[in-house]
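Asks: Could you have a look at this structure, given as structure tokens, before my questions?
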Amino acid sequence: MAFLNKEIRDGDNQDLTEERRTATFDTDKMAEVIYGSEKLARRRREISHAVSRIPELADSRPLPFLDRFEKVTEGTRKLSVLDRHLAELIDVNDNGEALHLYHEVMGMEGHPLALHEVMFVPALIGQASDEQYEKWLGRAKRREIIGCYAQTELGHGSNLRKLETTATYTPSTQEFILHTPTITALKWWPGALGKSSNYAVVVADLIIKDKSYGPHPFIVQLRDEKTHQPLPGITVGDIGPKMAFNGGDNGYLGFDNFRIPRENLLNRHSRVEADGTYVRPPHAKIGHSAMIRVRSHMATGQGWLLGHALTIAIRYSAVRIQGFLEDKSHEVKVLDYQTQQHRLFPAIARAYAFIFCGFETIRLYDQLILDMNSNGNTSGMADLHALTSGLKSVVTHFVGQGIEQARMACGGHGYSMASYISEIYGVAIGGCTYEGENMVMLLQLARYLVKSVELVKSGKANQLGPMVAYLAVADHKVNLATGPDSYVKMFQYISKRQSWKATEKFLKFMENGDSRDVAWNKTAVELTRASRLHTRLYIMETFIRRVESVTDIPVKSALTDLLNLHLNYELLDVASYALEDGFMSSNQMDFIKNQLYSSLEKIRPNAVSLVDSFQFSDMQLRSVLGRRDGHVYQNLFDWAKSSPLNKTDVLPSVTQYLKPMMEKAKL
Ligand SMILES: CCCCCCCC/C=C\CCCC(=O)SCCNC(=O)CCNC(=O)[C@H](O)C(C)(C)COP(=O)(O)OP(=O)(O)OC[C@H]1O[C@@H](n2cnc3c(N)ncnc32)[C@H](O)[C@@H]1OP(=O)(O)O
Ligand SMILES: Cc1cc2nc3c(=O)[nH]c(=O)nc-3n(C[C@H](O)[C@H](O)[C@H](O)COP(=O)(O)OP(=O)(O)OC[C@H]3O[C@@H](n4cnc5c(N)ncnc54)[C@H](O)[C@@H]3O)c2cc1C
């Protein structure tokens, strides 16, 4: 018999197999929807399979047992093996395949090329002129040189206008002099900067004839191409262990009057002529495009991280038997408890929602780059900046929450590194900080929302972009029983009301004499609330659009259950906004809750298959608890036995310190 869940294999844990047999949809078909195409979903499986046949690509030991030095070495070793096999494993021109291969083999703890592909090359693509492409891009793509993106400093990360590293133009030699004037001006945090990269895109304050022109990107050689020694005038190193990413070498960097040629200013959009004349870019923030790119990709990447944690937690919940329901002679799977379902299922819905919404956002980013590069059209930048600022903030926050709930849902074993959930959490939660601290970015979106409300107030609603058009729409009572659109309308009402309330509050402070900045700060919490609601509305709408577009009926039906759960969970979570002015009735609240509980029951038989559909291999998951075979207890015991502490029965520390203490106590 052909099983709809393609993960079923002989010898797997019976409880898990039982779950897989109840699948109402084909997990391969669901994977096509998750990854966007049949080809990519299939290629992911083929690549994972091919990798499993190359023993050198496996982790030489479980990563949690390695110290930092070993992690960095292990990552670099695997990279070099991967390099030899790259062309046989993937189509090297296919980014989707490359991304999967790297996740599979390198894992998530960081490696020397982590920022090369994600920011260095994209910064060149977005910011370099044709001549600079010619000179650098080929070399970077062939990995003759390895680069990173060095922007953040010890003293400033969020406020780019106050970066202290200077790039002073000297017309007599046609060079920029890069300098680090204070300790706070040291570049600090850039991934792969400390030990691996020999080049960097460095963001520094451009100074011409004593005038500052603000942050600009420069391509800078940091290390000798033969010896890898730092060049004279460069101080560079690793910043030490972090909450996660400990296979990566986030670094520091200082310049002592370090000279680079004029043509090293990435000058696709702005440039400095030989005599020092500055040519402005078409958009003041165009130099930020590498950041917008990463922010655009974050929803998908974070959705996958949440998917990792949930795969582990759901599989474990299906094999963990504890406590009773009706029949007191048989304990039940913890997945049968409503509280466990409520803890995990809404997070599955969010993982799907973030992935779908992420793909839509990536398309918007690709379109923007096309417009900018083909005809210099930067008109979409403000919208995309606002959207991605909110999206990265909301998604990373919920992903962090969801992963932590997944950990707790695994009880004691979730706390063990064998589950790997704490590592996933550490990696995901970094996203709340990098690419713009979440509060700072929510306030960027709030600027856009306030401006939009002001447009409506001044009778210019026709100038609103499609994503904020609802801010001008009249309110109507909503009958929630009429499907997803009614939830969208209710959410629009809530989001609109908060944006208007926050704007009115802000304007009132100014009317009463506060400066714009003071008024803004006094309204900031309300503004961030408006941003979150607006973003959650966008996520909800993209989820609905994606589900509507699915053609496979069983897949669509399972996704519709997830979507319904999402709609009810989201609305319940923000209901207080609509209750406070009586727009939502308490009957509607009860309706939402009951819909939610019924969604949990509907999803229950498909829970394992919904996470299996992510098709993360055991290698990619790196979780002893979450392996496909479900033999949790044997796997945990084997793992514990492999702990370096168990190499000897009696540790030297016991002989040296503990025993003498105990012996002394006997006297
Ligand atoms: C490919 C897959 C990748 C997935 C995962 C990757 C994992 C990689 C791991 C780690 C990578 C981490 C890399 C980094 O962290 S790099 C460093 C990132 N740093 C930041 O993000 C800094 C955050 N700060 C800023 O971005 C800005 O300073 C700011 C907060 C946006 C404020 O900028 P600024 O002070 O210049 O501007 P104002 O506030 O005064 O606003 C003026 C107007 O400009 C508009 N604006 C600002 N930025 C942009 C932009 N990028 N595009 C368009 N418009 C922009 C702003 O909205 C204002 O407009 P208004 O009309 O309101 O005046
Ligand atoms: C894992 C990781 C990888 C990174 N990789 C890179 C990299 O490759 N390249 C690179 O250049 N950088 C990198 N960074 C740095 C990162 O981009 C910055 O740390 C980030 O932008 C936040 O800036 P900050 O550290 O200055 O935070 P701060 O701005 O100092 O934040 C501290 C607090 O101040 C608040 N705050 C600050 N400004 C405001 C404001 N205007 N309004 C309200 N509240 C405010 C914040 O909300 C936060 O609560 C990385 C960081 C991490 C953690």
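Yeah, the Cβs are placed from backbone N, Cα and C, and that goes for glycine too.
Dumping what TrEMBL says about this protein:
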ACT_SITE  GLU435  active site, proton acceptor
BINDING   THR152, GLY191  FAD binding site
DOMAIN    26-146  domain 'Acyl-coenzyme A oxidase N-terminal'
DOMAIN    289-450  domain 'Acyl-CoA oxidase C-alpha1'
DOMAIN    484-663  domain 'Acyl-CoA oxidase C-terminal'
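Each of the listed features needs to be described in terms of its position in the shown structure.
Replies: DSSP assigns GLU435 (active site, proton acceptor) to coil, not to a helix or a strand. Around the Cβ of GLU435 (active site, proton acceptor), 23 further Cβ atoms fall within 10 Å across all displayed protein chains.
DSSP assigns THR152 (FAD binding site) to coil, not to a helix or a strand.
Taking H, G and I as helix, E and B as strand and the rest as coil, DSSP gives the domain 'Acyl-coenzyme A oxidase N-terminal' (26-146) the counts 90 helix, 0 strand, 31 coil.
Mean predicted confidence for the domain 'Acyl-CoA oxidase C-alpha1' (289-450): the pLDDT average there is 97.
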Asks: Name the residue among the binding-site residues THR152, GLY191 whose Cβ has the smallest number of other Cβ atoms within 10 Å.
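Replies: With the binding-site residues THR152, GLY191, fewest surrounding Cβ atoms within 10 Å: THR152.
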